[in-house]
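As structure tokens, the structure follows; a few thoughts come after it.
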Amino acid sequence: MIHESPHAKSAADRTQPSNPKDRIVSIHVIRGIAIAGILLINLGYFLSQAGQTEDPVGTDAVIWQVVDDIALGKFHFVFAFLFGTGVHIFLSRLRAKHRSTWVYVRRMIILIAAGIINSALGGIDVLASYGVLALLLLPLTRLPRWAFVILGVAAATVPDVLQLASSLGDLDPPTLLFPILSYVRTLGHMMLGFWLTGLGLYSAATRIPVTGLFILSLLGSVPIWIWTTAAGTGSTEAHEIAFRTALVPGLMYITGFILLLRTRLGRKSLCFLRLYGRMAFSNYLGQTVVCVLVIPLLTAHGHVSAAAGLLVWAVIIIAQCAFSTVWLRFFRYGPLEWLWRCGTYWELTPLRYAAETRSESASQS
């Protein structure tokens, strides 16, 4: 883990939430939002794979441009950021229990295998690359804090600057550099999540100025959206701007939801996503299965409009939220989460709740 002075450690201890459960609930809710957002982004891919390859025009073009403005790149940033959060929590627990980091390595190897399966099913996969990047992240956590932060910020921002300059300007880097920059970018997002989680981002007592970060990222997002709109609806330039500047609105989403979840209204409004986020692994792969099976049936009957695509998205999310709620009423983990846990610790973990504790456990995060 990142080296800290005794003073830094005591400061970190003071930023721990008074109720750790509240922190985990916030993470589950935001992860659920990210999974829903990623499906929204991937709809276009599944439609094209089902044979709908023509460029959108008219109202469809406007709707898909709005989707790009709201979601493209942003929820991948949120998902990678939360992955870094999960890495920090997992490694912290391993250290507290004096367990080998090989447990972590095994966990990521399983994730890589799941990603390969997801790709074979026909989905857009990030799991395999996340697993590989998480293995690269492990030795980086040994760096001094200052070096880790500088490297993480650079990795998260420089690739986007270079690729945006290449798309909109005269910069012409080698083509081979682009996929490398994409992975570096994602690793940077994970590092930001790891670092800010260590500072107590999800704690109400955190020293991080969450409100200030939200305001700054909101102010930064407004000109980005104006720039994207000015580039032209459905244009390649608008697509590139929306994707390459996603870190700023993505950070706004994370801090905004954290602030919202500190309010009673926010918790009540978003609580249905808590269990959905707990089963993010199962729901992510489930989205691939559903889309690969269902969307070709829809395109076989004609063009699927953007509005119809959004309806399909909403139905899938609602169905998965309902399934997650029912499943976790009887079981401790989602189906794939359980397999992942058993493989990680190399032991059979009880899946079902005891009958007498089922009601109480189903209400927990």
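Backbone N, Cα and C define each Cβ position, glycine as well.
Some features that TrEMBL has for this protein:
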- 24-47: transmembrane segment (TRANSMEM)
- 75-96: transmembrane segment (TRANSMEM)
- 108-138: transmembrane segment (TRANSMEM)
- 176-196: transmembrane segment (TRANSMEM)
- 208-229: transmembrane segment (TRANSMEM)
- 213-346: domain 'DUF418' (DOMAIN)
- 241-261: transmembrane segment (TRANSMEM)
- 281-298: transmembrane segment (TRANSMEM)
- 310-331: transmembrane segment (TRANSMEM)
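As a summary of secondary structure, the domain 'DUF418' (213-346) carries 111 helix, 1 strand, 22 coil according to DSSP. Between the transmembrane segment (176-196) and the stretches 24-47, 75-96, 108-138, it is 75-96 that has the most C-beta pairs under 8 angstroms. A mean pLDDT of 95 is what the model gives for the domain 'DUF418' (213-346).
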